Amino acid sequence: MFHGKHPGGLSERGRALLLEGGKALGLDLKPHLEAFSRLYALLQEASGKVNLTALRGEEEVVVKHFLDSLTLLRLPLWQGPLRVLDLGTGAGFPGLPLKIVRPELELVLVDATRKKVAFVERAIEVLGLKGARALWGRAEVLAREAGHREAYARAVARAVAPLCVLSELLLPFLEVGGAAVAMKGPRVEEELAPLPPALERLGGRLGEVLALQLPLSGEARHLVVLEKTAPTPPAYPRRPGVPERHPLC
């Protein structure tokens with residue numbers, strides 16, 4: 001579906017924005033410019049065929065996809081060849097930018113929409129990202145499979161669901177001692193207040209909540225860390241759709 005000639009990648013302005021935003025995050029993105037440019041080209045190529053993302057403009061993609069994804073690196077959680085799950089990856093965010101900048105990570109990108117998974121597979125191939133794979137499926141099903149349950153050191157999700165729902169979807173994937181990061185917008189306090197008892201039921205606890213501003217745009221973001229402290233009881237996650245309809249908190 002995504003074969004063929006790629007349209008042009010990032011413009012000089014787009015590259016400059018990416019470098020400037022990376023600097024604001026403490027990252028030197030110059031060695032990765034070509035990879036991000038190719039990823040942008042793939043997004044543009046696919047946008048006429050598949051509804052991958054509502055963001056189409058170059059600056060929007062650079063700031064709200066690439067740089068937003070890389071805010072994860074403000075947390076000291078990514079050292080070494082960790083196995084990482086990106087749940088609800090969509091067009092590959094935050095997983096693909098994270099893998100570009102931290103190639104040693106072993107990354108599995110999961111989405112429930114087949115066309116989005118096909119795009120991510122194509123991006124992994126074109127970018128030559130070794131140790132990354134895209135997977136179609138629902139969290140409630142995959143988290144019960146032996147190769148996925150309590151099999152990841154880290155998990156990430158960006159704007160997938162409220163924290164009370166997301167915690168039930170993410171924590172079963174984590175090994176004890178692992179950590180998940182929920183990427184949230186400006187208002188997170190109401191979601192945090194009822195969360196601790198639900199996390200305890202799932203074998204977890206609330207870790208750091210890092211408030212930050214998105215480079216260049218100044219938009220408020222929060223990175224919410226969920227720590228895995230004990231095995232998740234076999235009852236979780238519940239059947240597909242149940243966590244959304246009947247959240248634990």
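Indices start at 1 and increase along the chain as displayed.
Any Cβ shown, glycine's included, is placed from N, Cα and C.
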Quiz prompt | Listed co-binder of S-adenosyl-L-methionine (same site as Gly88, Phe93, Asp111, Ala112, Thr113, Ala139, Glu140, source Swiss-Prot) among Arg154, Arg158, Arg187 | solution = Arg158
Quiz prompt | Inter-residue C-alpha distance, Ala139 (S-adenosyl-L-methionine binding site) and Cys164 (disulfide bond) (nearest angstrom) | solution = 15
Quiz item: Across the listed S-adenosyl-L-methionine-binding residues, Gly88, Phe93, Asp111, Ala112, Thr113, Ala139, Glu140, Arg158, what is the farthest Cα to Cα distance, given in whole Å?
Solution: 20
Exercise. Tell me whether Arg158 (S-adenosyl-L-methionine binding site) sits in a helix, a strand or coil according to DSSP.
Key: strand
Practice problem: Write down the Cα-Cα distance for Gly88 (S-adenosyl-L-methionine binding site) and Cys164 (disulfide bond), rounded and given in Å. | Solution: 16
Self-check item: Rounded Cα-Cα span from Glu140 (S-adenosyl-L-methionine binding site) to Cys249 (disulfide bond), Å
Solution: 18
